[in-house]
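**Student:** Just passing along the structure, written as structure tokens.
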Amino acid sequence: MAEQLALVIGCIIGGLLLLIGISCCLWKRLCTTFTYEELPETADTATSSSFSKKEERPCRYAGIPSVRLPSVPFVVPPSHQGRDWVRLHGGDWAVAPQDPCPVPEHITCTSSPAAGQTSLPLCVMGSINPELYKSSEDVSEAGFPDGCLGRLWFSVEYQQESERLLVDLIKAQHLQVPAETCSTLVKLHLLPDKRRFLQSKAKRKTCNPQFDESFIFQVSSKSVAQRVLKFSVYHINKQRKHQLLGQVLFPLKNETLAGDRHRVIWRDLEAENLEPLSEFGDLQFCLSYNDYLSRLTVVVLRAKGLQLQEDRGVVSVFVKVSLMNHNKFVKCKRTSAVLGSVNPVYNETFSFKADANELDTASLSLVVLQITEGDKSYPLGRVVVGPYMYTRGKELEHWNEMLRKPKELVKRWHALCRPMEP
């Protein structure tokens with residue numbers, strides 16, 4: 001009985017092994033009937049047309065007569081290894097000739113200590129991967145306006161937990177240097193602190209310097225929204241003296257700090273205003289009128305030299321913009337308040353509905369006010385722009401230039417006049 005049982009088990013095992021062997025043979029024969037072809041790096045017309053001229057291959061299956069099937073071209077995508085890379089005009093790299101899209105080169109981030117400034121920390125942040133940085137405007141490297149002093153690219157991020165402001169200084173272009181050779185550096189201030197600053201490394205023999213440096217400012221979360229980041233671009237002359245080429249003022253507002261650090265920001269350089277301050281300070285703003293939309297736009301940029309009333313308590317300043325018609329109030333809007341600065345920066349835009357036939361009797365009143373104790377406001381200065389009926393001098397010129405240049409932002413400084421007592 002035991003011998004019969006062993007014989008049955010042996011037969012079963014032998015049968016299973018035989019079936020496995022037959023299955024393996026059939027699988028191998030089936031796999032050999034298909035061929036895979038990899039296209040060369042550069043596919044030409046002759047190669048692509050050769051598929052139609054391939055001879056038919058026999059396909060045999062077990063127990064089935066030979067059947068001749070046309071070959072099916074299977075394409076393996078070519079790899080990018082071995083491609084030629086060419087350098088573009090803007091300093092980027094691209095694959096030639098198959099891939100015309102530029103691929104940015106990887107940049108190294110370095111540390112640049114400020115001379116004699118130990119209280120503001122500066123450290124190496126690692127390599128900057130340009131693919132992570134998204135430019136907010138597509139025309140950032142084109143369309144330099146007439147009289148442009150240069151353009152600066154940077155990014156900012158505020159880390160709430162560690163109370164650190166991270167600034168990436170990326171590059172500058174189209175710098176206007178009063179010399180044959182250009183050697184530039186950038187100083188970074190966190191206003192209103194003008195004494196301490198951080199400084200980049202000097203870039204020599206180029207008007208389009210690539211900095212790729214990271215800086216850290218330690219600043220409280222309570223005051224960071226009131227701060228202004230200032231970039232000052234200098235040219236180093238033969239006497240090793242620093243000559244200012246232009247500056248960028250970037251307010252650190254909440255909506256700015258909440259953005260993505262990898263979003264690249266660019267700003268055009270502005271010349272330093274060397275005109276003497278007025279008695280009550282000065283206000284800079286832009287005017288624009290869109291006749292198609294019947295929209296009057298005011299951009300409040302900054303003020304300087306304000307005469308703050310320290311004895312009235314809290315020192316924070318805002319600007320109230322009012323649209324008047326026949327000296328009657330129509331509508332008003334106000335900027336956010338900036339704390340503790342006689343040179344506040346706003347960069348806020350307001351729009352008013354105004355028909356073209358109303359511009360001869362309309363005017364704009366901009367009043368700078370200081371917030372005092374009890375949420376009361378005290379006027380520091382005032383300026384009115386409008387037609388000949390209400391204004392003269394620079395204020396009238398600004399209004400007329402706005403009308404001559406529709407849909408364009410016309411920017412000017414204006415001296416504040418004596419405020420009206422509340």
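Backbone N, Cα and C atoms are what each Cβ position is placed from, and that goes for glycine too.
Annotations per Swiss-Prot:
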DOMAIN    148-267  domain 'C2 1'
DOMAIN    279-400  domain 'C2 2'
TOPO_DOM  1-4  topological domain 'Extracellular'
TOPO_DOM  28-422  topological domain 'Cytoplasmic'
TRANSMEM  5-27  transmembrane segment
**Student:** Of the residues in the domain 'C2 1' (148-267), how many are helix, strand and coil by DSSP?
**Tutor:** 7 helix, 70 strand, 43 coil
**Student:** Go ahead and report the DSSP secondary structure tallies for the domain 'C2 2' (279-400): helix first, then strand, then coil.
**Tutor:** 17 helix, 68 strand, 37 coil
**Student:** When the pLDDT values for the topological domain 'Extracellular' (1-4) are averaged, what is the result?
**Tutor:** 76
